[in-house]
Amino acid sequence: MAASKPVEAAVIAAAAPSSGSGVGGGGTAGPGTGGLPRWQLALAVGAPLLLGAGAMYLWSRQQRRREDGGRGDASGPKRNSPGAHLDMNSLDRAQAAKNKGNKYFKAGKYEQAIQCYTEAISLCPTEKNVDLSTFYQNRAAAFEQLQKWKEVAQDCTKAVELNPKYVKALFRRAKAHEKLDNKKECLEDVTAVCILEGFQNQQSMLLADKVLKLLGKEKAKEKYKNREPLMPSPQFIKSYFSSFTDDIISQPMLKGEKSDEDKDKEGEALEVKENSGYLKAKQYMEEENYDKIISECSKEIDSEGKYMAEALLLRATFYLLIGNANAAKPDLDKVISLKEANVKLRANALIKRGSMYMQQQQPLLSTQDFNMAADIDPQNADVYHHRGQLKILLDQVEEAVADFDECIRLRPESALAQAQKCFALYRQAYTGNNSSQIQAAMKGFEEVIKKFPRCAEGYALYAQALTDQQQFGKADEMYDKCIDLEPDNATTYVHKGLLQLQWKQDLDRGLELISKAIEIDNKCDFAYETMGTIEVQRGNMEKAIDMFNKAINLAKSEMEMAHLYSLCDAAHAQIEVAKIYGLKPPTL
């Protein structure tokens with residue numbers, strides 16, 4: 001199954017479950033998230049969805065009632081105890097000052113409101129925690145109208161100290177921290193609010209999503225800049241190249257290209273060729289000795305050898321595979337500008353640069369490159385295949401289907417394009433809630449797997465659609481077909497593991513399958529990410545953070561890394577909230 005192809009990382013961000021992001025295009029994911037931020041997705045009672053990462057908020061709990069406290073607080077003086085008359089009068093006067101402040105507030109006279117709330121605070125008996133917390137929170141609201149964010153945060157802190165589960169004060173302080181650029185503190189406050197409100201308030205959930213993304217982007221930018229390049233697993237690399245049919249550099253070496261050291265099976269010496277870094281790199285590709293490819297390509301380029309254009313494209317491709325887009329871009333630019341180069345090379349460079357732009361969230365530049373590739377090489381099926389995936393990402397489903405149709409016209413044997421066309425049609429029908437079109441798309445999947453029984457991707461995409469339709473038994477069968485065809489594809493084991501959780505709530509079996517994925521490919525970031533989300537649900541935050549950090553170190557793009565940091569930060573925030581407020585989510 002081609003699980004990692006040009007626009008997949010971005011597609012996954014738009015529709016869960018993810019399937020291991022990469023520099024290539026191909027396997028897209030199901031539309032079950034409905035466009036919600038992925039961390040918001042909640043577990044249905046008895047039926048975990050697990051439709052994507054960000055599952056640190058995957059629990060649901062009843063909204064807690066705030067402690068009333070009341071003015072009849074047993075800790076306060078009784079009416080007929082000594083000093084009670086004075087205290088009640090003080091409290092009454094404080095309430096009167098607050099009520100006066102409320103009138104000023106409603107009239108937009110915030111300075112006068114602040115004076116009244118200050119008077120209420122000074123008059124209120126110190127043991128009346130709930131009343132005092134209300135006065136501080138009201139004054140914070142007035143400061144908020146004047147955009148005095150430091151004062152807002154200070155008053156909300158007083159309110160929360162007096163009433164630790166005071167949702168209004170926590171949320172107001174979260175907004176103040178956002179304005180003060182205190183992202184960590186903002187996240188902790190809004191996390192507490194989300195839990196206390198049972199995830200019913202869209203405002204607080206959107207703020208949490210916003211600050212998680214900002215934190216993730218900040219950390220990823222710094223980490224990605226200084227990361228050590230890491231070669232993906234051989235399975236990932238082969239899966240990536242399998243998504244191209246018109247890619248000259250990924251084609252097997254011709255007999256005449258091999259060096260004089262190679263012999264054929266009959267022992268006949270092959271034709272001697274010139275000492276070429278590019279040809280050596282190609283030989284290393286066949287041997288799966290991928291770590292030597294960039295250096296051999298550099299030799300060809302530095303010597304301005306016969307295969308310089310090919311070497312530039314191959315080097316750029318491996319720069320992309322190790323996540324070094326900055327190094328890849330100049331090589332791709334040069335190939336594209338070489339008018340005398342083979343048009344297939346230039347078109348392939350445009351596809352890869354367009355996919356790179358999509359990962360960098362530059363859809364206009366991406367679209368331009370794909371369109372240029374179609375202009376210069378209109379008979380290249382790869383152009384339409386990968387542009388179709390871009391169109392899916394941009395929610396331009398009709399255009400995506402047209403591109404897949406063109407790819408199929410040029411290459412009728414392209415099982416992958418036919419499977420992805422079915423998925424595009426399914427996604428359109430699913431999001432439009434059109435039952436007849438859903439049935440037609442499901443029938444289309446059946447036809448594809450019947451016509452192309454060796455296409456693992458067809459079974460995988462069909463399995464995702466079946467899972468959406470809660471046809472879990474049949475989805476499980478489809479994943480088994482994938483494993484039979486590609487037993488070394490780690491992502492299939494992860495998807496099958498997630499299915500066990502959603503279908504049977506079988507945590508042990510789910511974890512067993514995901515652990516198997518890591519055993520098969522210890523560089524499968526998707527497996528570590530998924531394991532982390534499950535550990536969050538089990539309440540094992542420290543282990544979850546360890547899993548997310550492993551995924552971060554394997555991330556193939558800055559965008560993927562930002563998402564993973566968001567998950568990690570959300571788990572850290574839960575740990576802090578548990579320490580401060582004793583709010584612990586229920587576990588699986």
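Backbone N, Cα and C atoms are what each Cβ position is placed from, and that goes for glycine too.
Database features, via TrEMBL:
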REGION    63-88  region 'Disordered'
REPEAT    94-127  repeat 'TPR'
REPEAT    347-380  repeat 'TPR'
REPEAT    381-414  repeat 'TPR'
REPEAT    456-489  repeat 'TPR'
REPEAT    525-558  repeat 'TPR'
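If you average pLDDT over the repeat 'TPR' (94-127) in this model, you get 97. Residue counts for the repeat 'TPR' (381-414) under DSSP, split into helix (H, G, I), strand (E, B) and coil, are 27 helix, 0 strand, 7 coil. For the repeat 'TPR' (456-489), the DSSP-based tally of helix, strand and coil residues reads 27 helix, 0 strand, 7 coil.
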